[in-house]
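Read through the structure below, which is laid out as structure tokens, and then see the notes.
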Amino acid sequence: MEPVDPRLEPWKHPGSQPKTACTNCYCKKCCFHCQVCFITKALGISYGRKKRRQRRRPPQGSQTHQVSLSKQPTSQSRGDPTGPKE
């Protein structure tokens with residue numbers, strides 16, 4: 001390896017940047033284009049802001065699952081709660 005100028009920042013070292021720009025393509029060649037492409041495209045890791053998903057609302061006429069659970073009878077405890085008598 002050839003010596004690198006110590007005054008250069010690490011991201012400006014020769015060979016640290018690919019000669020071509022990154023693309024939005026997800027083919028194998030583009031996924032291994034550079035370290036950033038590999039992390040975002042091949043591994044699927046992105047640290048950007050996540051888009052908030054809209055909650056899917058149930059139709060007006062249907063009941064929610066939570067309401068149907070509250071109408072169920074409570075389970076009866078079996079046996080004496082204080083323990084067996086001997």
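Every residue gets a Cβ built from N, Cα and C, even glycine.
Features of the protein shown, as given by Swiss-Prot:
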- 1-24: region 'Interaction with human CREBBP' (REGION)
- 1-48: region 'Transactivation' (REGION)
- TRP11: site 'Essential for Tat translocation through the endosomal membrane' (SITE)
- 22-37: region 'Cysteine-rich' (REGION)
- CYS25, CYS27, CYS30: Zn(2+) 2 binding site (BINDING)
- LYS28: N6-acetyllysine (MOD_RES)
- 38-48: region 'Core' (REGION)
- 48-86: region 'Disordered' (REGION)
- 48-58: compositional bias 'Basic residues' (COMPBIAS)
- 49-86: region 'Interaction with the host capping enzyme RNGTT' (REGION)
- LYS50: N6-acetyllysine (MOD_RES)
- LYS51: N6-acetyllysine (MOD_RES)
- ARG52: asymmetric dimethylarginine (MOD_RES)
- ARG53: asymmetric dimethylarginine (MOD_RES)
- 62-79: compositional bias 'Polar residues' (COMPBIAS)
- LYS71: ubiquitin cross-link (CROSSLNK)
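Using Cα positions, the member of the binding-site residues CYS25, CYS27, CYS30 nearest to ARG52 (asymmetric dimethylarginine) is identified as CYS25. Apart from CYS25, CYS27, CYS30, the Zn(2+) 2 site neighbourhood in this chain, defined by C-beta within 8 angstroms of the site C-beta centre, holds THR23, TYR26, LYS28, LYS29, CYS31, HIS33, LYS41.
LYS28 (N6-acetyllysine) carries a helical DSSP state (H, G or I). If you take the Cα of CYS25 (Zn(2+) 2 binding site) and the Cα of LYS51 (N6-acetyllysine), they are about 21 angstrom apart, rounded to a whole number. ARG52 (asymmetric dimethylarginine) falls within neither a helix nor a strand when secondary structure is assigned with DSSP, and so counts as coil. The separation of LYS51 (N6-acetyllysine) from LYS28 (N6-acetyllysine), Cα to Cα, is 26 Å. Taking the C-alpha positions, the distance from CYS27 (Zn(2+) 2 binding site) to ARG53 (asymmetric dimethylarginine) comes to 27 Å. For CYS27 (Zn(2+) 2 binding site), the count of additional Cβ atoms within 10 Å of its Cβ stands at 10 [all protein chains shown].
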